[in-house]
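Worksheet: the structure to be examined is printed underneath.
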Amino acid sequence: MKYTKLNFMLSVLGIIIYITDLIVDIGVSVRFFYEGRNVFGILTVSFMLFGTLVVQCFSYSWFKADLKKAGQENQHCFLLLHCLQGGVFTRYWFALKKGYHVAFKNSSKIDNFMEEHIDPHKEVIDRMTDLSMLRLFETYLEGCPQLVLQLYTFLEHGQANFSQYAAIMVSCCAISWSTVDYQVALRKSLPDKNLLNGFCPKFTYLFYKLFTLSSWMLSVVLLLFLDVKIALFLLLFLWFLGILWAFKKQTQFCASISMELLYRVVVGFILTFTFFNIKGQNTKCPMFCYYIVRVLATVGILVVFWISPVSIFNSDYFMSISITVALTLVLGIIFLIVYYGTFHPNRNEETKPDEIDGKAAQRDCRMKYFLME
């Protein structure tokens, strides 16, 4: 597997989106405080801190594990960089520096690496996969709650300023990009996984995630307008069920018990917004049940809103939102069926146990223990 010039340019695009998302989030929080909406400002900052703190914890634990694997001593400068919230940027620096030499320089240095039995392309791909997973964590821990908040403020006032429009658009782009980028990077980093090649599979997967996420977020926003306590109870209940599912599957992603517990908490949170395969096992039945519950919950929220005597929007405005929720959910399910029926890399293989469970565990790549299908 080669790390190409196109891969390098996409990696650069990834950090540009990451920085843009960070700048827009800061701008939105500042505007909230400036306009006197302190609650929204505090929530925006809280989501940012929650996401980045979790990401720094995972990044530093991976640095320690990689240094230990290489027989090197733990360097305290890495701990300081992560405490200063610079872990992701540090990883980008090392990955892009290495990726540039691999993709653009002559093969003389590559040959030296090969003599040491180290595949530089594989090394760069693994580093980029780590970054893709960290971005995925931060996207769902920070971006999804912020997108719900942005949609809530937009629908509450019926209009939005430029920064709010920018935040909504950048959040959608960040969520979409991180989801597809991780799926591609994951399969590229694992030699026993089929690649997700071509534009059609990638765009189908993108629209499946984007439409199902959009429908659910709009449904949550509607429920927030109806009753904030009920909406929070529903989200916390779904989060709790996601954590229970992670414990039931006995995930083995992290080396330490404490990080594994944190990982399961993060898994539960992500499952609140979208489905993914947390252990690489056959997920037809769990996915079917997940989206049946999602459809029932969405329909239930719409029905409650229609019969509710509380008038929150005018009827014409709510009609368009209801149609959007229903249409995006239907489209998301259609793209899901098309992806798994036509474009999934393993569609032509016989049903079999997960590659992890069916083989002896090989911890050459931590991503073998986190699979998003």
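Quick reminder: no glycine exception, Cβ is built from N, Cα and C everywhere.
Keep in mind that what you see is a predicted model, and the values were worked out from it rather than measured.
Lifted from TrEMBL, the feature list:
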TRANSMEM  12-34  transmembrane segment
TRANSMEM  40-63  transmembrane segment
TRANSMEM  205-225  transmembrane segment
TRANSMEM  230-247  transmembrane segment
TRANSMEM  253-276  transmembrane segment
TRANSMEM  288-307  transmembrane segment
TRANSMEM  319-342  transmembrane segment
_Please report, as numbers and ranges, the same-chain residues at least 6 past the borders of the transmembrane segment (319-342) whose CB is under 8 Å from any CB of it._
155, 201, 204-205, 207-216, 218-219, 222, 291, 294-295, 298, 302, 305-306, 313
*Tertiary contacts of the transmembrane segment (40-63), as residues 6+ beyond its ends and Cβ separation under 8 Å*: 25-26, 28-30, 32-33, 78-79, 82-83, 85, 87-88, 91, 130, 133-134, 137-138, 141-143, 145-146, 149, 153, 254-256, 259, 262-263, 266, 366
_Recorded stretch that, among 12-34, 253-276, 288-307, has the most CB pairs under 8 Å to the transmembrane segment (205-225)_ = 288-307
*asked:* Six or more residues beyond either end and a Cβ under 8 Å away: which residues meet both conditions relative to the transmembrane segment (253-276)?
replied: 54, 57-58, 61, 65, 137, 140-141, 144, 179, 209, 212-213, 216-217, 235, 238-247, 283, 286-287, 290-291, 366, 369-373
